[in-house]
Amino acid sequence: MHSYDYWLILAFFAVVLLPAPFLGRFYYKVMEGQSTWLTPILGPVERGCYRIAGVNPQDEQSWQKYTLALLAFNLAGFLLLFAILLFQDHLPLNPQNLPGQEWTLAFNTAVSFMTNTNWQAYSGEASLSYLSQMVGLTVQNFVSAATGLAVLVALCRGIGRKSTKTLGNFWVDMTRATLYGLLPLCLLLALYLVWQGVPQTFAQYVNAVTMQGVDQVIPLGPAASQIAIKQLGTNGGGFFGVNSAHPFENPTAWSNLFEVASIILIPVALVFTFGHYVKDLRQSRAIIGCMLALFIIGGATSLWAEYQPNPALNNVTVEQAAPLEGKEARFGTTATVLWSVTTTAASNGSVNGMHDSLNPLSGMVALVNMMVGEVIFGGVGAGLYGMLLNVLIAVFLAGLMIGRTPEYLGKKLQAREVQLLVVTLLVMPVGVLVLGAIAASLPGPVAAVSNPGPHGFSQLLYAYTSASANNGSAFGGFGANTAFHNLMLGLGMLIGRFGYILPVLALAGSLAMKKTAPIGQNSFPTHGPLFVTLLTVTILLLGGLTFLPTLALGPIAEHLSMGF
C-alpha cells in the first residue's frame with residue numbers, strides 16, 4: 001500500500017463520520033415535523049402534497065394500518081415499473097428504439113428496484129430507455145429508500161414511546177423522508193458528479209470511429225441524477241452495465257471518494273437519529289462502535305487478501321504486485337477493496353470493480369457482510385432496524401444468562417417480541433439456503449455458473465445471498481438472465497425485504513403499547529464496551545453458525561485449493 005491508499009481511507013471515514021451526528025439530528029427533526037432550515041423552502045411543497053393526496057398529517061396510524069399503507073404503496077410502485085419496462089418501446093424518451101423487456105426480466109427488475117435491491121440481470125445502456133431509467137428506476141430508488149427510512153422511524157417511535165397504539169403516519173413519513181431526507185442531498189451530489197464529468201443529457205448515443213477504424217457507440221443519458229440516489233439511497237443499480245467501474249459513472253478519484261462515502265453516509269447518520277428518538281445518544285455510540293468493529297475487521301481481512309500474490313505465479317520469474325484482475329487501474333487495489341467492503345456492508349450493491357475477480361477470502365468477506373443481514377451500516381433505514389433486531393436478541397440472550405426478564409430501554413421483551421425476533425432470524429436462511437439449494441439441485445439453473453468447482457458454487461451462493469439481503473451486487477460470471485433465476489431471485493428479494501419489514505412493524509406496535517420501567521442499577525447496560533462485545537459476537541455467531549457450511553464449500557475451499 002502507498003501513502004495515497006492511507007489518505008483515501010482516512011478521507012473516507014472523515015467524509016462519513018464528521019457530518020453524521022449533525023445529519024442524524026436533522027433527520028430526527030424532519031421526521032417529527034420540527035422546523036429546520038429547509039422548512040421555509042420545502043414546507044409549502046410538503047403541505048401541497050398532503051392536500052393533493054387528501055392526507056391529514058395529524059392523523060396517526062396503528063401498526064396494522066401503517067403496514068397496509070406500506071404494502072399498497074409498494075405494490076402500486078411495482079405494477080407501474082413493471083408496465084414501464086414491458087412497454088418501453090411504446091413510450092417516449094427512447095432515442096435508441098430499445099424493445100421492452102421480456103416479462104420474467106421485467107418482473108425481476110421491478111421487484112429488484114421496489115425492494116431497494118437493484119439486482120440487474122441486464123445492461124442498462126443496452127436495455128433501458130431514458131424514460132425507464134428516469135421515471136421507472138430513479139423514482140423507485142427514491143421511494144424504496146424512503147420506505148426503509150419510514151419503517152425505521154416507526155420502530156424508533158415504538159421503542160421511544162409508551163402506552164400508545166400508533167406509530168405515526170406512513171404517508172407523512174414517506175413524504176418527509178423523500179422531500180427533506182433524500183432530495184436535497186441527491187441534488188448536491190448530482191451537481192457535483194456533473195462537475196466531475198458524469199453525463200446528464202437527453203441526447204442520443206454518439207457514434208464514433210476508433211483509431212483502428214472500428215465503429216463504436218458511446219452511450220449517454222441522464223446518468224448523474226440516477227447515480228446520486230443510487231449511492232445515497234443504498235440502491236446500487238448502475239445507469240451503465242459495469243456500474244461505477246464505468247468512466248462515465250465514476251470518472252475521477254474525487255468522484256470515487258464521494259460516491260463510496262455516500263453509500264453509508266445516511267445509514268450512519270440514522271444511528272444518531274435513533275439516539276435522539278430514545279433520548280440517549282450513548283445507545284447510538286454503542287451501535288456505531290459495533291458497526292465500525294465489524295467493518296474494520298472485514299476491511300482489514302479483504303485488504304490483506306487482495307495484496308497477496310497469486311500462488312499460480314509462484315514458479316514464474318516475475319515480480320508480483322497486488323493482483324489487478326477485475327480492478328479499475330484508475331483507482332487501484334485499495335479503492336476497489338474499500339468499495340467492495342462498503343457496498344456489501346451496506347445493502348448498496350454498486351461496484352467499481354468486479355467482485356467475481358476478488359481473491360477467495362475477499363469474496364468471503366463480501367458474502368459474510370450480506371449473510372449477517374446487512375446490519376453493518378446496512379441500507380437506508382433497513383440497516384439500522386436490522387441491527388436493532390440483533391440488539392434485542394443480544395439483550396434477550398443476556399437476560400437468559402443472568403436470570404432476569406430481558407428489557408431494552410425500559411421495555412420488557414416478552415413472548416410476543418421474542419417470537420417476532422425468531423421470525424426475522426429465518427429470513428436469510430430461507431432466502432439463501434432454501435432457494436439456493438433448489439437452484440443448485442437443478443441442471444438448468446446450474447448452467448448459469450461459468451466456473452467449475454468451489455468458485456462456481458460461490459457464484460450461485462453469492463447471487464442468492466445478494467438477492468435475499470437486498471444488496472444487488474453479483475459475481476459477474478453468473479448468467480442470471482434466465483426465466484428460473486429471474487423468478488427465484490425475485491422471490492428471494494421479496495422474502496428479504498418484507499420478511500423483515502412485517503415483523504419489524506409488528507414489533508414496533510407491540511413495544512409502543514408497553515409502559516416504560518425506570519432503568520435502575522440492576523438493569524443490564526446497553527451502551528458500554530461489554531454490550532458492544534456481546535452484540536458483535538451475537539451477530540457473528542448467528543451468521544457464522546447458519547452459513548459456515550456453505551462458506552466452507554465455496555470461498556474457503558477455493559482459498560485452500562489455490563494454495564494460499
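Note: Cβ is positioned from N, Cα and C throughout, glycine not excepted.
Here is what Swiss-Prot says about this protein:
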type	residues	note
TRANSMEM	4-24	transmembrane segment
TRANSMEM	67-87	transmembrane segment
TRANSMEM	135-155	transmembrane segment
TRANSMEM	179-199	transmembrane segment
TRANSMEM	258-278	transmembrane segment
TRANSMEM	286-306	transmembrane segment
TRANSMEM	382-402	transmembrane segment
TRANSMEM	420-440	transmembrane segment
TRANSMEM	487-507	transmembrane segment
TRANSMEM	528-548	transmembrane segment
Per Cβ pairs under 8 Å, the stretch of 286-306, 420-440, 487-507 packing most closely against the transmembrane segment (135-155): 487-507
Contact ranking winner - 4-24, 67-87, 179-199, 382-402, 487-507 against the transmembrane segment (528-548), Cβ under 8 Å: 382-402
Cβ-Cβ under 8 Å with the transmembrane segment (67-87): same-chain residues at least 6 beyond its ends: 61, 100-101, 103, 105-107, 109-111, 113-114, 128, 131-132, 135-137, 139-140, 143-144, 147, 150-151, 170-171, 174, 498, 501-502, 505-506
When counting Cβ pairs under 8 Å to the transmembrane segment (258-278), the leader among 4-24, 179-199, 382-402, 487-507: 4-24
Contact ranking winner - 179-199, 382-402, 487-507 against the transmembrane segment (420-440), Cβ under 8 Å: 487-507
Residues of the parent chain within Cβ reach of the transmembrane segment (382-402), under 8 Å, 6 or more residues beyond its termini: 116, 148, 151-152, 155, 159, 234, 267, 270-271, 274, 287, 290-291, 346-347, 373-376, 408, 413, 417-418, 421, 424-425, 470, 500, 504, 507, 524, 526, 531, 534-535, 538-539, 542
